[in-house]
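Listed in Swiss-Prot for this protein:
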TRANSMEM  14-34  transmembrane segment
TRANSMEM  49-69  transmembrane segment
TRANSMEM  70-90  transmembrane segment
TRANSMEM  100-120  transmembrane segment
TRANSMEM  150-170  transmembrane segment
TRANSMEM  201-221  transmembrane segment
TRANSMEM  224-244  transmembrane segment
TRANSMEM  250-270  transmembrane segment
TRANSMEM  283-303  transmembrane segment
Amino acid sequence: MVKLLLKDLGEKMILEGAIIYSNLLVLLALGLTLTYITTNVPNFAQGSYAIVGSYVALTLLKLFGICPYLSLPVLFVVGAIVGLITYLALKPLIKRNASVEILMIATLAIDLILLGVIGAYSEILSQIVGSTQAKFVFANLDFSLFGFKGILFVSTFVVILLLIGLYLLLYKTKFGIALRASMENPSLAQTMGIDVEKTRLFSWILSGALAGVAGGLLPFMQEIVPATGDLIIISIFAASIVGGLRHISGALIGGYIIGISESLITYYLASAFGTGFLVYGKVISLIIMIATLLIAPYGITGVDWKKLKRLLSTS
């Protein structure tokens, strides 16, 4: 009886963690998808954006005693600034119609710069507060509600708020209409007098802002080190690719598929074959991503479901 209760409790915690992780992946994958649609840049620095947010949240906590949840608006702004700086750095390459490979290498360089800056900053912060800040978690600062972690409710609320805000922006404002037009056909949008440059700038600012917020929430579920961004970028890309890099909704679909699959499959493999399998969680994401590329190269949102249904009905 006790073993059964412990098993049920363990599965509840894993499912709870899977939903939290998926919520954060949605925020990060959405930013990656936005910048890819508008500028055709596969941003390998997206994970490091989040870790910048994590360390800013840590700074506000250690120096000013501000709860990480209350620092989310600040992280939104800081992330937006990082996204803006990245776009300004990449803009000359984009203007010259640089290849995807060159843009990818440029974002990798930016990621390495951010990694170095974050590592150096963690050492400076350690000297200021008098204890090592190279790695940290916020789990002990979280609250609980109805037996669930507070981060579950906060991350879910942030995702819902984001989706409502994006819907209102894209479908209820003139700028949103211009943004959608720029995403679907930049050349035609420019011909029609739409300021494509402004929409590109906005997408990078929003991408950084979302990553900053995700970074503030990430320490509530896992330990953060300066290189954490380079670990989670695998799952971020997997989420965007599985959902479909050509549609914003793909980030939502892919985020939950990758987040839940990675968490649950890793848990059950570890339960069956030992805890050594816990370190291979990212391999699950890669396998799902590769399988998706083989079956549906443009992701789930890129599948012509009506055509597929007709083919299945005639066979």
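All positions are counted from 1 along the displayed chain.
A Cβ is built for glycine as well, from the same backbone N, Cα and C atoms used for every other residue.
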Are there residues at least 6 beyond the ends of the transmembrane segment (150-170) whose Cβ is under 8 Å from a Cβ of it, and what are they?
16, 19-20, 23-24, 26-27, 30, 69, 72, 142-144, 176-177, 179-180, 210, 213, 217, 220-221, 248, 252
Residues of the parent chain within Cβ reach of the transmembrane segment (250-270), under 8 Å, 6 or more residues beyond its termini:
11, 14-15, 17-19, 21-30, 32-33, 163, 235, 238-244, 276-278, 280-282, 284-285, 288-289, 299-302
